[in-house]
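First comes the structure, then the notes that go with it.
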Amino acid sequence: MPSNNISSKNNEELQIKSTQNTQRLAFTILAIVQSTLIFTIALITVPLPKIAIEFNLTSADLLLVLAAYGLPFSSLLLFGGRLADRFQGRRMFAVGLLIFGISSVIAGFSPTFKVLVAMRFAQGIGGALTAPAAMAVLRALFPEHSAFSRAMTTWGGVSVLGAVLGFVISGVATTWISWRWMFAIPVLVSCIGLISARTLLPAGADDSHQHRPKLDLIGAILATLGISLSSYGLILTGDHPWISSIVLFPLLTGLCLLVAFAVLERFVRDPLLPPGFIFERSRLTGLFGMFLAAVGSGVINFVLSLYLQQELGWTPLMTATAFLPFAIALIAIGQMTTHLVGRLGAIRVTSSGLFIAAIGFGLLVNIDRNTTYVMGLLPSLILVAVGTALAFSGSAVLSTMNVPQHQAGLAGGVMNTAMELGPTIGLSALMAVAATQVDAIDGYVWAFGTAAVVYTNRH
């Protein structure tokens, strides 16, 4: 009998260890996929000049190339989350990755500008289906709330790391090979994700679950059009005045549609976004923290890249290399966030991160044409990286705290929407501040200073 008890205990320990190893591997694959979805936003930024030459594009055409992925991605995340809750996370994860992977292959071989834009748009659709589905799968992978919260501390920093790596890798690829090869990474990751979906990933909520939501198609249309039109209007502020008709028409139309969406959701039986869902206190705090952290990472990447290339004359490769310490700091802090959140709590970690990032932005108000990288830029890059990494991790925990399995896809869609709207809204606002100055560097200084003030007041 003692021998049987020992054998049974050993088998139980082996089973637990095997389950933990499977969880780690599945989490790693999901994290790589999520990082790649964000990476794909940034991968086209650095090679835009070469794409413009190859296809003979105008500045308006380049804007379309940039927006073609981000608009459908951010606009369809809510609907993608509901699809994941209704049809199982793993199933929608595979469907999204299939669309994402196939469109990435075609994008890499694009013979014309129109094909490239169409495939970037298709990539965005695939990404919008995949991201919230990954969250639904992640929730099923860690059914206990405490284990899920620990996983989210790492998950929070995955997206910003993907954005930075996309920027760095695109700079290297553009310099040494061709911009077309950058699409090989999304293809490879899609293949890995699809192969792993059936063997490693849990299905998510059962199809027969009593909370399985019906699809709010009218709400989905209003939300998708509202977010896409208002986002497009904000993007256009980069080339047109805020009061111009070309900006105001999509912006105001989008906002009206979003108001109509908010009203509709109060009367439908199964709303796309239940009215009280985002107003739960911890979730609202987390979503706002996620939004601010996304603004910070977007500003540091976009504005500093302009400063380095246009004002200091750096090459794309040099600019990409300059952000390597940013990526390294993100990875290093990512190893500590689980312990920090467990010890200090998600709210303290988030607020501390925003304050640290504010210091980093504050240091950048001293830049000029004689600023050196090591003394003038590197400290700020590291501080902003540390701060945003902490804010992302804490906010991810708060945004998904106590979310039930049948709403995991919705939670993922809402969280990713906040993260995607951050750069769109935040960058538009800060670049509008920068545009008030005649000298470009003075404008960048005002943008960084404004970011520092906002972060300080919200920490």
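First residue shown is number 1, and so on along the chain.
Heads up, the Cβ atoms here are built off N, Cα and C, so glycines get one too.
Note that this is a predicted model, so its numbers are computed, not measured.
Nonlocal intrachain contacts for the transmembrane segment (25-48), taken as residues 6+ away from its ends with a CB within less than 8 angstroms of a stretch CB, comprise 62, 65-66, 69-70, 73, 97, 100, 104, 120, 123, 127, 130-131, 134, 137-138, 141, 151, 154-155, 158-167, 169-171, 173-174, 179, 182-183, 185-186, 189, 192-193, 196, 200-202, 301, 305, 316, 319-320. As annotated by TrEMBL, transmembrane segment applies to 25-48 (among others).
Residues or ranges marked as domain 'Major facilitator superfamily (MFS) profile' by TrEMBL: 26-459.
Feature annotation from TrEMBL assigns transmembrane segment to 60-80 (among others).
Residues 33, 37, 40, 80, 83-84, 115-116, 119-120, 122-123, 125-134, 136-137, 180-184, 186-187, 190-191, 193-194, 197-198, 201, 409 of the same chain sit 6 or more residues outside the transmembrane segment (92-109) yet have a Cβ under 8 Å from a Cβ within it. Per TrEMBL, the feature transmembrane segment maps to 92-109 (among others).
The transmembrane segment annotation in TrEMBL covers 121-142 (among others).
What TrEMBL records for 154-177 (among others) is transmembrane segment.
Only residues 6 or more beyond the boundaries of the transmembrane segment (183-205), in the same chain, are considered here, and those with a CB under 8 A from a CB of the stretch are 22, 25-26, 29-30, 32-33, 36, 39-40, 43, 84-85, 88-91, 93-94, 97-98, 100-101, 104-105, 107-108, 123, 130, 133, 136-137, 139-141, 169, 211-212, 405-406, 408-409. For 183-205 (among others), the entry in TrEMBL reads transmembrane segment.
Sequence-distant contacts of the transmembrane segment (217-236) (same chain, at least 6 residues past either end, Cβ-Cβ under 8 Å): 63, 66-67, 70-72, 74-76, 78-79, 82, 246-258, 260-261, 264-265, 268, 271-273, 417, 421, 424-425, 428. Taken from TrEMBL, the feature transmembrane segment applies to 217-236 (among others).
According to TrEMBL, the feature transmembrane segment maps to 242-264 (among others).
What TrEMBL records for 284-308 (among others) is transmembrane segment.
Here TrEMBL flags 314-333 (among others) as transmembrane segment.
Annotation source TrEMBL lists transmembrane segment at 345-367 (among others). If you look at the transmembrane segment (345-367), the same-chain residues 6 or more away from its ends with a CB under 8 A from one of its CBs are 149, 153, 282, 285-286, 289, 292-293, 296, 299-300, 307, 337, 376-377, 379-384, 386-395, 397-398, 401, 441, 444-445, 448-449, 451-453, 455-456, 458-459.
Residues or ranges marked as transmembrane segment in TrEMBL: 373-392 (among others).
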Per Cβ pairs under 8 Å, the stretch of 154-177, 242-264, 284-308 packing most closely against the transmembrane segment (314-333): 154-177
When counting Cβ pairs under 8 Å to the transmembrane segment (154-177), the leader among 242-264, 284-308, 373-392: 284-308
